[in-house]
Amino acid sequence: MKIKVCRKEHFNAAHRLHNPAWDETTNQKVFGKCNNPYFHGHNYELIVEVVGEINPETGYVMDMKELSDIIKTHVTERFDHKNLNLEIDEFRNLNPTAENIAVVIWNILRKQINSQYELKIKLYETERNFVEYPA
Amino acid sequence: MVFVCRKEHFNAAHRLFNPSWSKEKNEEVFGICANEHYHGHNFELIVIVKGTPDEDTGCVIDLKKLSKLIHSEVIEKLDHKNINLEVDFMQGKIPSCENLVVAIWEILAPKIADIAYDPHARLHCIRLFETQNNFVEYYGEW
């Protein structure tokens, strides 16, 4: 019997959407105000979902404190109060859209969470806009 | 008296930084909020107007007009902007929530009576959420 356990975390960051292969006009047309060269920012809400069997000895899928520590160490402490474009290596050559941020976070956490568990990411950029990976 | 409230939001970058202090002093006081590359938030702004409902309309103020006023005077200047670098009414000020609510108050307060049904309606409160857990309120000078 599989069950999903979920941990919610937050980080606040600045970013801009920009494709360096395009000229200024195209970037402005496609990304609009999100292309602002001076950046803007969001309160991101990250939900990490782990799917697995319940361990009969603990009653847990995994220890949520352990999951929380992994997310904090590998994601939120790196991303919180940062400029995603300028300060996070993974976005040096990758546009920090909510989609790409979710995939980056999944790739980071996948290495830290035992492969016996399925891993899913929900990332809210605003209350109304959020992405899920894998779909 | 009735309090009429309008909620708006804007997403912006900022940093807390006092230019008269050293880098070390700024980091000591403002911590991660002083990051020279900025960070950002989804800000939620609540504007509260105090007044008496007008007999003809039953309303203190037309909320559509209030929304348009907040958008043109405040939201359009802040949304998807860098508050330190791009917002005219915050130049020379540290863009803390406290300084933001006072500046927003000063912009909106003189304009409320002009768009209200109640000629005596006035701005009562500016409430600004920086995160779900951190918010400030300003009621004008007492």
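Using N, Cα and C of the backbone, Cβ positions are placed for all residues, glycine too.
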(message) Looking at Zn(2+) binding as recorded in TrEMBL, which candidate out of A:H10, A:H15 goes with A:H40, A:H42?
(response) A:H15
(request) Compare the Cα of A:E125 (active site, charge relay system) against each of the recorded positions A:H15, A:C34, A:H40, A:H42, A:H81 and report the nearest. (result) A:H42
(message) Suppose we draw a 10 Å sphere around the Cβ of A:H40 (Zn(2+) binding site). How many other Cβ atoms does it contain, all chains included?
(response) 28
(request) Going by Cα-Cα distance, pick out whichever of the recorded positions A:H15, A:H42, A:H81 is nearest to A:C34 (active site, proton acceptor). (result) A:H15
